[in-house]
Amino acid sequence: MFDLLGIPPQALFGQLLLGLINGSFYAMLSLGLAIIFGLLNIINFTHGAQYMMGAFVAWMLLNYLGIPYWGALILVPVIVGATGVVIERLLISRLYHLDHLYGLLLTFGLALIITGLFRNQYGISGLPYGMPSQLAGGQNLGFMFLPNYRGWVVLVSLVVCLGTWFVIEKTRLGAYLRAATENPTMVGAFGINVPRLITLTYGFGVALAAFAGVLAAPIYAVNPNMGADLIIVVFAVVVIGGMGSILGSIVTGFGLGLIEGLTRVFYPEGSAVVIFVIMAIVLLVKPAGLFGRAA
Amino acid sequence: MADAALAAKPAAPPAVTPLLRVEGLQGWYGESHVLHGVNFEVGEGEVVTLLGRNGAGKTTTLKAVMGILSKRSGSVAFGGRETIRLPSRAIARMGIAYCPEERAIFSSLSVEENLMLPPEVRPGGLSVAQVFELFPNLKERLSSQGTKLSGGEQQMLAIGRILRTGARLLLLDEPTEGLAPVIVQQIGRTIARLKDEGFTIVLVEQNFHFAASVADRHYVVEQGRVIDTIPNGELNANIDKLHAYLGV
């Protein structure tokens, strides 16, 4: 078959697919972070731990209760989202009148506690989580082999991201959310329950992370450190896209996943740092991020 | 007897239970004590103004009534119900709506979304068609970004969106500030029309010629207190006093 710049197409497209998969997780996680940051003004450092909790709760549902993947896909976001609601009501809501730094410290501390608890209970070697049988196997596309599950991950995360974007940008609820992000006092003075809106928003952002965790479980091993490894890259994605920008976080998430994949083909040594190099350049040229509005 | 008293002293507020009664209202911005016991009343269907110099506490009074001044004490009764301890969302649900001086049009919302944002709190608000009848400009710009409108159009949007909600008492903070005379006239006609429709309005104004053209009564605010009450009919007789109050 044909070669591109001396790279066999199997390798190129394989890496692009891998990039797209990573991009799916970047997009879902940075989207949740962006929504939470927009309304709560808190950088949710617990996000990685909540993604990890998603994978673990899926594993627990399967191993303790016999609930398979498809049930977990629905139940896990609800369960982990509910823990987010409790965390917001009990802890985070007490910090809104303080500097952002306190929210960051609190959520960072929570991430350490949650990760530590899981590490204590389950160790760090990782637990296997089987792929749903309906999505086993793959398609030969001629130029590459596409495993069904990976195609599913890209597809479903695109749908979830675009669905979230639609709700925020095009519905009445989304208008409340955007308005409360700009001026919560005024939205409250219209009779809207802003504290409840904030709680539900945090719960939704956490549920999104947990959903990503379930999607990740069959691909990566279920491991207490899986969130910590990913979240640093996701923060870089958020910075590049622009804090609080919804569409920006989606486009940047998928885009950077692809760029990372391409780098792995053409300059493998740089693939681990390419996102951070881009982040540094974006910070120098456009500090508000590619899609962010200057403060 | 009562009639004679009223005739002799027409400045007295209406004898019936006022829609809004503010008594001994104190308010703080952080540590700074801004309101030192504000007293005034507004009857159903009345338009009253709060006049006074910059920094007298007029805007703060509106914010305290609306419940968005977090530290406040004293009494604010709306329709006989005390609101001083309620959050602003509960006060809004009782039928009070606020149009702030800075208009607070949301830049991430279109004109239509801005207009439709405040939920209906009671039946009896204006329909969207009636809002467009008052402010035809808005209809042309529905899909524009809210903050892309001119200052006058933003003011119309800020007033229009609270007319839909069914609120009976409107708190309008300097609706004419910085607007061209022709727009000021349009806002004035709108306020007169709203009064005809039975809305009760508290208006904060610096422009007292405008205030005189729309209001039933004027409360003069100075250093966080209401220091005088002037019925609109006696404005001319009190013009020197008022000039002294306002420093014009």
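Each Cβ is built from the backbone N, Cα and C atoms, and glycine gets one as well.
The feature transmembrane segment is assigned by TrEMBL to A:12-37 (among others).
The feature transmembrane segment is assigned by TrEMBL to A:73-92 (among others).
Sequence annotations record features per position, and here TrEMBL assigns transmembrane segment to A:101-118 (among others).
When Cβ-Cβ distances below 8 Å are used as the criterion, the transmembrane segment (A:149-168) is approached by residues 17, 20-21, 24-25, 27-28, 31, 35, 131-132, 135-136, 138-139, 174, 177-178, 208, 211-212, 215, 218-219, 246-247, 250, 253-254 of the same chain, each at least six residues removed from its ends. For A:149-168 (among others), the entry in TrEMBL reads transmembrane segment.
Sequence-distant contacts of the transmembrane segment (A:200-223) (same chain, six or more residues past either end, CB-CB distance under 8 Å): 21, 24-25, 28-29, 31-33, 35-36, 39-40, 44, 46-48, 50-59, 69, 72-73, 76-85, 87-88, 92, 124-132, 149-150, 153, 156-157, 160, 164, 177. Taken from TrEMBL, the feature transmembrane segment covers A:200-223 (among others).
Per TrEMBL, transmembrane segment is recorded for A:230-259 (among others).
The feature transmembrane segment is assigned by TrEMBL to A:265-285 (among others).
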Among A:73-92, A:101-118, A:230-259, the most Cβ pairs under 8 Å with the transmembrane segment (A:12-37) come from A:230-259
Spatial neighbours of the transmembrane segment (A:230-259) not adjacent in sequence (6+ beyond its ends, CB under 8 Å) are 16, 19-31, 33-35, 37-38, 43, 45, 47-48, 51, 111, 158, 161-162, 164-165, 168-169, 181, 274-276, 278-279, 282-283, 288-293
